Structure formats: structure tokens, C-alpha cells
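Annotated features, as they stand in Swiss-Prot:
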TRANSMEM  14-34  transmembrane segment
TRANSMEM  65-85  transmembrane segment
TRANSMEM  97-117  transmembrane segment
TRANSMEM  122-142  transmembrane segment
ACT_SITE  S126  active site, nucleophile
TRANSMEM  147-167  transmembrane segment
TRANSMEM  172-192  transmembrane segment
ACT_SITE  H177  active site, charge relay system
Amino acid sequence: MFIRTENFQTFIRLYPVVTFILALQAVLWLFFSLPAHSVVLWRDTVTGYNLGVANGEWWRLITPILLHAGFTHLLFNSMSIFLFAPALERMLGKARFLLVYAGSGIIGNIGTYVTEPLDYVHVGASGAIFGLFGVYLFMVLFRNELIGQEHSKMIITLLAFAVLMSFINSNINMMAHLFGLCGGFLLSFLCVQKKERRY
């Protein structure tokens with residue numbers, strides 16, 4: 001379920017939404033890494049910035065999901081998406097998977113806006129990724145037949161570790177993680193159908 005054995009072409013064919021997300025955030029990281037002044041201005045316009053949201057720049061609740069602070073940040077989040085997102089795209093379908101992913105990220109950014117000071121600045125897909133864990137948590141609690149006992153234990157262990165690290169690491173947007181997790185869990189009531197089959 002979480003072990004990728006597909007070749008490149010098969011991965012793209014089976015998981016088009018996941019592929020698009022991975023490619024888009026990589027392209028955006030490369031673009032915004034350019035030292036040009038105009039690029040820096042563009043980045044400042046789409047970065048998560050609570051004061052900007054307060055001034056009506058609502059897109060800042062969406063765009064930070066695709067942005068990253070550095071290569072390590074991008075790599076870690078991309079690996080998390082690569083490992084944990086494909087199974088959900090297959091189980092939920094493209095539309096519902098995208099709803100969960102984007103919805104959780106937006107909910108995480110709304111939570112950041114509500115709880116953090118106005119000068120708070122943030123980027124990253126972590127809220128959306130925690131939303132995926134929220135879906136898995138829903139399955140562990142209510143639809144265990146979809147993932148099985150072994151994967152359930154793995155999810156609980158990984159989630160406990162991730163939440164713990166969110167509290168320990170001061171550079172992590174803890175509110176995006178927690179709100180994203182809750183968002184993914186709640187969206188599961190809408191997106192995880194009774195007819196769903198195990199991956």
C-alpha cells in the first residue's frame with residue numbers, strides 16, 4: 001500500500017493527480033528560487049501571510065500549499081506525498097482525492113490565520129499531507145477493512161510521531177498540521193464512500 005513498485009510511466013498513468021502535484025510544486029520551487037527581483041515580488045504575493053489574508057488577499061489560503069521554504073522542505077514533503085498519497089487517489093478517485101488534499105491544506109491555512117499573529121508567514125504542503133493522515137485515521141477508526149490491521153498500526157505510529165514532532169520543532173507550522181489533520185478526518189465523512197474497496 002505504501003511501497004511504490006511502479007515504473008515512471010505506470011505511476012503517471014495510475015496517479016495523475018499525485019503526479020501533477022509533485023511536478024507543480026517542484027516547478028514552482030525552481031521558479032521561485034530564481035534571484036530575479038520580479039520573481040521575489042511574485043513569491044511575496046503568494047506566500048502565506050496572515051496580514052495579507054486579513055486585508056482580503058484570500059488566495060494566500062491556497063497558494064502556500066504548493067510552495068516550500070527550501071530544497072529539504074520540498075524533498076521531505078514530496079516524499080511524503082509520493083508514499084502516502086497514491087493509495088488514496090486510487091481508493092477515492094481523482095476528484096475526491098483532490099478535494100481532500102486541497103481542502104485539508106486550505107483548512108490548515110485557515111487554522112493558521114485564526115490562531116497565529118498577523119505577522120506570521122508560512123509555506124508548505126504539510127497541512128494537506130496531514131489531511132491525508134486524517135483520512136487514514138478515519139479508515140483506522142471506521143473503515144479498517146480498507147487498510148488492514150498492519151497498515152493501521154503503521155498509520156497510528158507515524159501519526160503519533162508526526163504530531164509529536166509538530167510540538168517539538170519550533171520551525172514547524174503546528175496549527176496547519178493539526179487543522180489539516182482534523183480537516184482530512186472530517187472530509188472523510190463526505191469523501192470515503194461505503195462502496196470503497198481496499199487498495
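Cβ coordinates are placed from backbone N, Cα and C, and glycine is handled just like the others.
When the stretches 14-34, 65-85, 97-117, 122-142 are ranked by Cβ pairs under 8 Å to the transmembrane segment (172-192), first place goes to 122-142. Only residues 6 or more beyond the boundaries of the transmembrane segment (97-117), in the same chain, are considered here, and those with a CB under 8 A from a CB of the stretch are 17-18, 21, 48, 50, 53-54, 60-62, 64-65, 85, 88-89, 125-128, 130-132, 134-135, 173, 175-184, 187-188, 190-191. Long-range Cβ contacts of the transmembrane segment (65-85) within its own chain (Cβ-Cβ under 8 Å, at least 6 residues beyond either end) map to 2, 4, 15, 18, 21-22, 24-26, 28-29, 32, 43, 46-48, 97, 101-102, 105-106, 109, 123-129, 132-133, 136. Sequence-distant neighbours of S126 (active site, nucleophile): residues of the same chain at least 6 apart with a C-beta under 8 Å from its C-beta are N77, G108, I172, N173, A176, H177, G180.
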